[in-house]
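Per Swiss-Prot, the features are:
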BINDING   R66, S67, G68, N79, T83, I84, D85, K93  substrate binding site
Amino acid sequence: MKIKLEIKRLPHGANLPFPSYASEGAAGMDVVSAEDVILQPMQRYPVKTGFAVAIPNGYEIQVRARSGLALKHGIACPNAPGTIDSDYRGEVKILLINLGSEAFEIKRGDRIAQLILASVTQAVFCEVTDLDDTQRGHNGFGSTGI
């Protein structure tokens, strides 16, 4: 299934590719940086992409790290997956953190993250006095194994 997304190029996004799928079976669209940045170890930074997008109601865009950057350099999205809500119209920025031990240079045009379009189901809470019993019950963290 394909969903149409309206995208607005911002002035500092000139000549950059819009997010795109690297292969036919890819779930995530690669997104590139619209600026040069040097991320120091443990530094967090919202990297500009040079575009804004109109996401249809009932959808979100999830922001996830690129596996190669995470494996080779420790570059991650600290709030992964990040969420871009359907009512947001500002510039898409990618929050990155350098978990590596060396400074990491991002150049304008470098692929920095993946964007995944996902459907959203909103919950409606109904207060009750009791919940049904399950085998797991109140057992929390680590209760099903490590």
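Cβ atoms here come from the backbone N, Cα and C positions, even for glycine.
Feature map: annotations from Swiss-Prot on the structure.
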residue	record	DSSP (3 states)
R66	substrate binding site	coil
N79	substrate binding site	coil
I84	substrate binding site	strand
K93	substrate binding site	strand
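Using a 10 Å Cβ-Cβ cutoff, K93 (substrate binding site) registers 15 neighbours.
The number of other CB atoms found within 10 A of the CB of S67 (substrate binding site), across every protein chain shown, is 10. Once the Cα atoms of R66, S67, G68, N79, T83, I84, D85, K93, the listed binders of substrate, are compared pairwise, the greatest separation found is 26 Å.
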